Protein chains: 2
Amino acid sequence: MSRDSKRAIVNAAITLFNVNGFNGTSIRDIAKKAKVNPATISYYFDNKHGLLEHCFTIFFEGYVKCIEDGFSLLDKGAASCLKRITENIMYYQVENMYLTRLILREISIDSQMVREIMSTYLMKERFYLSKVFEKGIKTREFKKLTADYSILQLKGFLSMPFLNTQYMTEVLHILPNEKYFAEKYAGEIFHWIDGVVCNPLYERIYLAVK
Amino acid sequence: MSRDSKRAIVNAAITLFNVNGFNGTSIRDIAKKAKVNPATISYYFDNKHGLLEHCFTIFFEGYVKCIEDGFSLLDKGAASCLKRITENIMYYQVENMYLTRLILREISIDSQMVREIMSTYLMKERFYLSKVFEKGIKTREFKKLTADYSILQLKGFLSMPFLNTQYMTEVLHILPNEKYFAEKYAGEIFHWIDGVVCNPLYERIYLAVK
């Protein structure tokens with residue numbers, strides 16, 4: 001029961017924060033939508049900021065897991081590792097579309113909470129992704145690129161459709177919550193990995209060494 | 001004088017909306033920062049929504065101009081046209097970094113104003129970019145790609161650094177307001193255009209026809 005009401009509160013908060021914004025939503029609104037007493041929210045999350053922080057934590061715990069899971073394949077090659085990470089994040093974000101949208105918008109605001117999130121989760125993300133790029137560059141599987149710029153591009157790819165869901169549906173007529181989209185879009189990022197990140201001479205170098 | 005105070009109001013609004021969010025900023029705060037009387041703001045912009053709408057309009061008028069300027073080169077080839085558009089947008093966004101950040105965040109919210117902006121400016125953007133991709137695909141300068149997915153990727157590239165300025169500076173240590181960044185990052189997008197969008201066989205086809 002307590003677990004259910006906690007989940008109902010979080011889901012109500014995600015919906016309302018997305019529709020009315022964080023500042024435009026009150027604890028009372030969330031309580032009403034989640035069908036709980038406002039005191040229950042205070043009990044679990046202290047206040048609205050605590051609730052938002054909880055959303056950040058849920059999101060990034062899962063997000064970093066996606067990266068770690070793909071990172072464990074680094075020994076099998078940098079490109080396939082990067083593809084696995086991409087795929088994991090894509091499916092994770094499709095599955096948690098509303099939460100993703102909320103987080104991607106809130107992370108762009110300059111606040112103490114965002115700074116803390118950055119110094120933990122996003123530094124961890126950068127750590128893993130840098131390792132993948134460094135390994136790829138070292139083994140010549142990747143071109144000599146600036147890892148941070150590639151991380152930036154990868155993150156641009158992965159964020160755009162989920163932050164701008166209305167633009168997607170109303171202007172481009174693409175539905176980002178469909179499995180078809182996840183597959184096709186992951187494929188597009190793979191083209192970027194193959195055509196921009198990977199060294200076209202690698203196969204030849206690799207075979208020559210063998 | 002009136003023009004100066006109008007500009008001061010807009011600049012103050014951009015700064016405050018970025019720091020405290022739209023809902024967290026009052027007309028009184030803006031008036032104080034711009035050193036004008038709150039009545040002056042009402043006179044020019046009616047209310048806070050009118051002020052935000054004005055910001056959207058300034059931004060997108062310049063943005064669409066960047067696209068139209070590049071689009072006029074379509075006869076010289078789809079790839080060079082797309083590169084010019086990219087470059088124009090990059091420099092425009094670097095020059096108007098705070099305004100860009102505000103717009104990129106506010107456009108992700110579902111409101112009547114955003115819907116109107118989408119149905120005018122972003123439909124126009126899609127129209128021009130689609131024409132570029134269609135032409136490139138038709139002349140075989142580009143691969144057979146889905147234009148809307150390529151537009152999505154291009155927009156992801158162009159948005160990421162400007163929406164997430166703190167992430168850029170605090171995690172990646174890249175300063176997006178520097179000219180060096182604009183040049184290097186535009187170059188990265190060119191790699192994507194060359195390696196992913198362009199048809200590697202085009203040169204050969206083109207020469208064979210000649």
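Glycine is no exception: its Cβ is also placed from the backbone N, Cα and C atoms.
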TrEMBL annotation (DNA-binding region) - matching range among A:26-45, A:66-85, A:166-185: A:26-45
Surrounding residues of the DNA-binding region (A:26-45) on its own chain - C-beta under 8 Å, 6+ positions past either end: 5-6, 8-9, 11-13, 15-16, 20, 51, 54
Whole-number mean of pLDDT values that fall within the domain 'HTH tetR-type' (A:3-63): 93
